[in-house]
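J.: I'd like to ask some things about the structure below.
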Number of protein chains: 2
Amino acid sequence: MQFQLTSNLIDQIQAYVSVQDEVALKELLTDLHHADIAEILDEVDSDEAAYLVLLLDSEQTSEALMELDEDVREKLLENLTPAEIADEVEEMDTDDAVDMIGELDDDIQLAVINQIEDEEHRADIREMLQYDENSAGGLMAKELIKVKETWTVAGCVREMRRQAEEVTRVHSIYVVTKENELIGRLSLKDLLTSDTRTKISEIYIPKVDSVNVNDPAEDVAKLMQKYDLEAIPVVDDKRVLQGRITIDDIVDFIKEEAEKDYQMAAGISQDVEADDSILQLTRARLPWLFLGLLGGVGAAAIMGGFEEVLNDHVILLLFTPLIAAMAGNVGVQSSAIIVQGLANDDVKGSIGNRLIKEMLLAMLNGAALAIVLFFYVWISESAVDYATSISISLFVVIIVAGIIGTFIPLFLHKRGIDPAIATGPFITTSNDIFGILIYLYIAKLILGI
Amino acid sequence: MQFQLTSNLIDQIQAYVSVQDEVALKELLTDLHHADIAEILDEVDSDEAAYLVLLLDSEQTSEALMELDEDVREKLLENLTPAEIADEVEEMDTDDAVDMIGELDDDIQLAVINQIEDEEHRADIREMLQYDENSAGGLMAKELIKVKETWTVAGCVREMRRQAEEVTRVHSIYVVTKENELIGRLSLKDLLTSDTRTKISEIYIPKVDSVNVNDPAEDVAKLMQKYDLEAIPVVDDKRVLQGRITIDDIVDFIKEEAEKDYQMAAGISQDVEADDSILQLTRARLPWLFLGLLGGVGAAAIMGGFEEVLNDHVILLLFTPLIAAMAGNVGVQSSAIIVQGLANDDVKGSIGNRLIKEMLLAMLNGAALAIVLFFYVWISESAVDYATSISISLFVVIIVAGIIGTFIPLFLHKRGIDPAIATGPFITTSNDIFGILIYLYIAKLILGI
């Protein structure tokens, strides 16, 4: 029953496209879900994809277009004229239309908008292009069911039928005043069970959550998750109903956010995927690697400064990678917990308390690890002074690394900077350097060199 | 309008609880959303929380209980008798009820189930406890609206009103045969616009996505995301309708999965949060740090094996942390991209192609970094042979690290093991060791020692 994309199917489609066999293609594709069409568009060349978009019904392809990755969609649209793009936009919900048009070059944007025939749709899109992409206004769609408080149940059902034609799914019925001010919502159950002559003002529920068009998308996502909302109305400063945001838009947003944090922690900037080109991947990865190189060179320079010490105590040098690695590991652990906690609003209390907790934790972990290392060095090198010096260093380095890993993201967050940039290579590199510096100082102190 | 948790409010609640001022507490809390009640239960002591749960209406507290973290809920429930827990369960949807009961000890589970008064609810819960937590059966709820194909629209609306009393939100109306076999769904629009004497069999939509009770939760999440479904019916092997899964259950699942991958990459096992106890955090972090320690000790042992070389060429030792760190960074980048790609079904094609691509990418990055390092070492140490040896090593190490970082998660995935365990400390540690080994061998070769 489930659709399965095979290379056979792709070959077949490409063969039909090359001979322009419209009948065969329509038969093959017309009944597919738009998400499946999207998978096909993703696999074929961009000119073939453009051919398919023009061939198939815009009702189907407009939704498929929105399922594609931005760069695939961009290439595909380069093969279409503004009028052809406008045909697709015509079938889209306003939120999708705005997303897609926003990706086009400025002059093409204008040409496409001017080709949209539905006047209301065109005005809605123009208006929505004003909003910040990451605000409630940028996420919302204009399509919704609204009823006036002065209507009767009968008039309401009649009006709903008319509105429902433009709306894919009915999430909620919003109740507004004559001036379109949001005042409540209507339960379907109440609508079904009330007498047809009842006034809406008698049966509506005056309690309704809403967000402002300028609220950040992140806050909307948190609110909808916390209260398990499937849709939320969006109002302007005068509480006039402007649109609604549905949970499926938020699902994508939540997932992207969680993935972005992970990528940053792994030292990958920009939004790249395994299937992107080598050049795109390099652009996302190389800057972080340069940072790492800089850290390594810094560590080498520091060690060079201790050369006279190290020449006589080569054994100390054997453990520098261990110290650097442990400093990095602890730093990444602490920062990851803080970054996720901040993302989920789980981090309460003062920075001071947080640091004390992390210090206690690091002392516990550090002590356990230092004891193991002490015995290892003692037994393998039979040198109790080296063993003491190296394990005490490890203990101190772990505590400092934990504190740095906790403090930096909290500090950035307080300053309004995304704390995720502090994880990964940044923390690892700075902790490497601090770790080695501490290590060599303690060795000098304890070994009396 | 928005609820804001303040320490003042918590103090006030705790003061009322200590003097058992039921009236004041009810006045303060009765109108709050269950998600807000959950935040309060999270802040007060577990015996105070238990007192509030018993005091307030179970309709409100049963939902609040499900918003709590598992460990908070566990402590709270320890203060309640099986009969009191059963009162809360009575008000829960079956999916939540099963989740909560599943967390209890076996003997308490039995006692609670036996205290549930609603016979159907009890039977549903008993049945659902059989399913794997991470299967469609484990995620679904029994509460849904279903109509038989033989009914008329009028009978259907009547029956829907009855069923709607037990269902919080109407997602879809499912159409079944006399034997409860799922055959389609009914659009609300069609129901509203059809004559009341029309048979359901004439107006229902025979196309409906569904999943089997035994399908893994991950597949359900992917399917619902791909097709933007807000609810999906769950059937057994005979296509008999068993329940439905809604998008809000899936949102939590998706978020948890993305966060789990990130935590694993950061070297944190188990599901811990910033606010967990030091002991819990240690248990999640220490094992990975031990792995790191082992890697460091391994690296030290390897370098010890080259001692006679290194004694005469201490400069080589200055760059071991750099080599180890770069090997780690590249490994984490490659594995993160693969792990996310696998999670999103983005990774297509053979392992061989993947490895070739990563190798090309690593060669590009490695060349850029090696050239920079060559000039740095040449200028700072004025030794062209060391510069050559160290930069060639870096180039080779980056390629090997990239290949290991790509191969291991792909290999694990092929064997059915979660590839996320291969990211973070595991990759870093193994790449550290390989990196240093390669580095020293190449030095020996080039410097002719």
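Cβ atoms here come from the backbone N, Cα and C positions, even for glycine.
What TrEMBL says about a protein is an automatic prediction, not a curated fact.
Since the structure is predicted, the reported quantities are computational estimates derived from the model, not experimental observations.
Okay, so TrEMBL annotates it like this:
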DOMAIN    B:140-202  domain 'CBS'
DOMAIN    B:204-260  domain 'CBS'
TRANSMEM  B:286-306  transmembrane segment
TRANSMEM  B:318-339  transmembrane segment
TRANSMEM  B:360-379  transmembrane segment
TRANSMEM  B:391-412  transmembrane segment
TRANSMEM  B:424-442  transmembrane segment
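Help me understand the surroundings of these features in the structure.
T.: Within the chain, the transmembrane segment (B:286-306) has long-range Cβ neighbours (under 8 A, six or more residues past its boundaries) at 267-269, 317, 320, 324, 424-426, 428-430, 432-433, 436-437, 440, 444.
Under 8 Å from some Cβ of the transmembrane segment (B:360-379) lie the Cβ atoms of residues 319, 322, 326, 330, 334, 386-388, 390-392, 394-399, 401-403, all in the same chain and six or more residues away from its ends.
Proximity of distant same-chain residues to the transmembrane segment (B:424-442), defined by a Cβ-Cβ separation under 8 Å and at least 6 residues beyond the stretch ends, is recorded for 264-267, 288-289, 291-292, 294-296, 298-299, 302-303, 306, 309, 316, 319-320, 323-324, 326-328, 330-332, 335, 389-390, 392-393, 396-397, 400-401, 404-405, 408.
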J.: Can you work out the mean pLDDT of the predicted model over the domain 'CBS' (B:204-260)?
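T.: Reported value for the domain 'CBS' (B:204-260) is a mean pLDDT of 87.
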J.: In the same chain, which residue numbers or ranges, 6 or more beyond the ends of the transmembrane segment (B:391-412), come under 8 angstroms Cβ to Cβ?
T.: 322-323, 326-328, 330-335, 338-339, 342, 347, 351, 354-355, 358-359, 361-363, 365-367, 369-371, 373-374, 377, 418-423, 426-427, 430-431, 434-435, 438-439, 442-443, 446
J.: How do the residues of the domain 'CBS' (B:140-202) split into helix, strand and coil according to DSSP?
T.: 21 helix, 17 strand, 25 coil
J.: Taking DSSP states H, G and I as helix and E and B as strand, how many residues of the domain 'CBS' (B:204-260) are helix, strand and coil?
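T.: Counting residues per DSSP class in the domain 'CBS' (B:204-260), I get 24 helix, 16 strand, 17 coil.
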